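For reference, TrEMBL has these:
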| type | residues | note |
| --- | --- | --- |
| TRANSMEM | 18-36 | transmembrane segment |
| DOMAIN | 22-430 | domain 'Major facilitator superfamily (MFS) profile' |
| TRANSMEM | 56-77 | transmembrane segment |
| TRANSMEM | 84-104 | transmembrane segment |
| TRANSMEM | 110-134 | transmembrane segment |
| TRANSMEM | 146-165 | transmembrane segment |
| TRANSMEM | 177-197 | transmembrane segment |
| TRANSMEM | 248-271 | transmembrane segment |
| TRANSMEM | 283-308 | transmembrane segment |
| TRANSMEM | 315-333 | transmembrane segment |
| TRANSMEM | 339-364 | transmembrane segment |
| TRANSMEM | 376-398 | transmembrane segment |
| TRANSMEM | 404-428 | transmembrane segment |
Amino acid sequence: MGHENEEQLRRKFTDSGFAWIISAMSFFTLYALAANGNTLGVIFPELLHHFNVPQAMIGLLGSIRTATFDLTAGIFIGHLTKKYGCRALAIPGLILTALGILASSYVNDYFWLVVTFSLIPGFGSAGLFIPSNVIVHQYHNKRRALASSLASVGLSFATFTFPVFMRLTIQSFGWRAALVMLASIQVQMVAAAMMFMPNPDLHVKLPLTPMDTKGHTETAEEKSNGANHKPSKVKACNIDVSILKNPAYVLFLFAYPFASSAASTFANFAIQRGIFQGIDEFQASFIMSSFGACSITGRIAAGFIGNLKCTRRDLLSFGYVFTAGIVCIISIFSGSSLILHAVFAGCFGFLNGSYHSLYTTLLVDIVGLSELPKAMGYIQLVKCIISAISFPLAGLLFDVTQDYVATYLFIGISNIIGGVIFLCSGIANRRRRSKNESVEIKECS
């Protein structure tokens, strides 16, 4: 009877109505994050004209911002999230991002633009991404894939709505006013981040069960882990790299950065490619709206499918990423047709949103809930290196060829490589789990 009361207390917040409120707040903070990330693609033509620099240098703005974001998240945020919680990092992150964007609306020098537009928002956004994802998994267990997917819709909804809003603001008031609008969005989402309080259920200890053969009392957090791994004993003064012994995670460590960097590059150059090929500037903004709208559909669909017990989430992600690479390569035949640009962007957005919505759920399957912040941090470190190369290289390919064919072939091939590595990661994880289950059966017998 006492155990039942403990179990009921443990489930007071997890999988409750309040847990879905947390998912909604994550939706809003991720909207702010994506609006910030999509800014460069929309404002690209204005920055080219105003600062009079090559496309590679404008692409470098996105590369520096992404590298700063990934490096900060990888080195600090993953560990700090586990130590101090999600709210303590998300709120300062939003405020710092807003200050940087606001300052960039006043600059006239390219190098100051690098500081205000790329470095400062890069630091701020780093404090937002991991906490906004981790908090959802802390409050959900039964419908973890669905809750994570619905929260991640905020990323796609920003891609759907924000490019049009920003383009209208640019046409009416100029690009500086558009940046002020973006800064105000970051500040408003502080209210959502204030809801990121720790889940009290994770601190409730349950009584010992016969399975606790080693005398270890499991917390609710450990019981909710999707992975079958044992906690490692690591000294507090050392960096815990025990998850790097997991081959499935090591493969995932490279699969996601390849696919994510390719998707970011696709989005950042999509509008400019349309304008270059003869599409009106305002109409070109609908290319990203198509990307965002279809990405919303993909995330929701993948959430429902990924939550089914019969679903192989690893194979699903491989299919999404690999096919996105094929679509990207075929998109080089879009020409000056707005419809074709929008269709290919929509297909790519659907596939990208689908796999991205399963990203954190796949990680929990591989490393467990307790290791999720750290695992995401290491992935951001690898993504930092790949993104630092991909953005300038994509811009350089255009500067050399004066065409976007080579750029989008590069993006498509990167996606295909990422998809193949996702498949290998899934195979390695299934083998690891089968091996662990065999060992447990032998120990019980």
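Heads up, residue numbers simply count up from 1 along the chain you see.
Note: Cβ is positioned from N, Cα and C throughout, glycine not excepted.
Owing to the predicted nature of the structure, the values given are computational and were not obtained by experimental measurement.
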Q. For the transmembrane segment (376-398) against the transmembrane segment (56-77), do we get 3 or more Cβ-Cβ pairs below 8 Å once near-sequence pairs (under 6 apart) are dropped?
A. yes
(Q) Under 8 angstroms for C-beta pairs, at least 3 of them, ignoring pairs fewer than 6 apart in sequence. Is the transmembrane segment (404-428) in contact with the transmembrane segment (315-333) by that rule? (A) yes
(Q) Counting Cβ pairs closer than 8 Å, which of 18-36, 110-134, 177-197, 283-308 has the most of them with the transmembrane segment (146-165)? (A) 283-308
Q.
How about long-range neighbours of the transmembrane segment (283-308): same chain, 6 or more residues beyond its ends, C-beta under 8 Å?
A. 38, 41-42, 143-150, 152-153, 155-164, 166-167, 267, 270-271, 274-275, 316, 320, 338, 341-343, 345-358, 361
Q: Please figure out which one of 18-36, 56-77, 110-134, 339-364 racks up the most CB pairs under 8 Å against the transmembrane segment (315-333).
A: 339-364
Q. So which of 18-36, 56-77, 110-134, 177-197 has the most C-beta pairs under 8 Å when paired with the transmembrane segment (84-104)?
A. 110-134
**Q.** For the transmembrane segment (110-134), sequence-distant contacts whose Cβ falls under 8 Å of one of its Cβ atoms, 6 or more beyond its ends
**A.** 26, 29-30, 32-33, 36-37, 47, 51, 53, 57, 60-62, 64-73, 76-78, 81, 85-87, 89-90, 92-101, 103-104, 148, 151-152, 186, 193, 196, 360, 372-373, 376-377, 380
Q.
Looking only at the domain 'Major facilitator superfamily (MFS) profile' (22-430), what is the model's average confidence as pLDDT?
A. 83
Q) Looking at 18-36, 177-197, 248-271, which one has the highest count of Cβ pairs under 8 angstroms to the transmembrane segment (56-77)? A) 248-271
Q. Short question: which residues 6 or more past the ends of the transmembrane segment (18-36) have a Cβ under 8 Å from it?
A. 90, 94, 97, 101, 121, 125, 128-129, 132-133, 135-136, 139-140, 147, 150-159, 162, 182, 185-186, 188-189, 192-193, 195-196
Q) Same chain, outside the transmembrane segment (339-364) by at least 6, Cβ under 8 Å from its Cβ: which residues? A) 133-134, 136-137, 144-145, 148-149, 152-153, 155-156, 159, 225-227, 249, 252, 256, 259-260, 263, 266, 270, 273-274, 277, 279, 284, 286-288, 290-299, 301-303, 306, 313-314, 316-317, 320-321, 323-324, 327-328, 330-331, 333, 372, 375-376, 379, 422
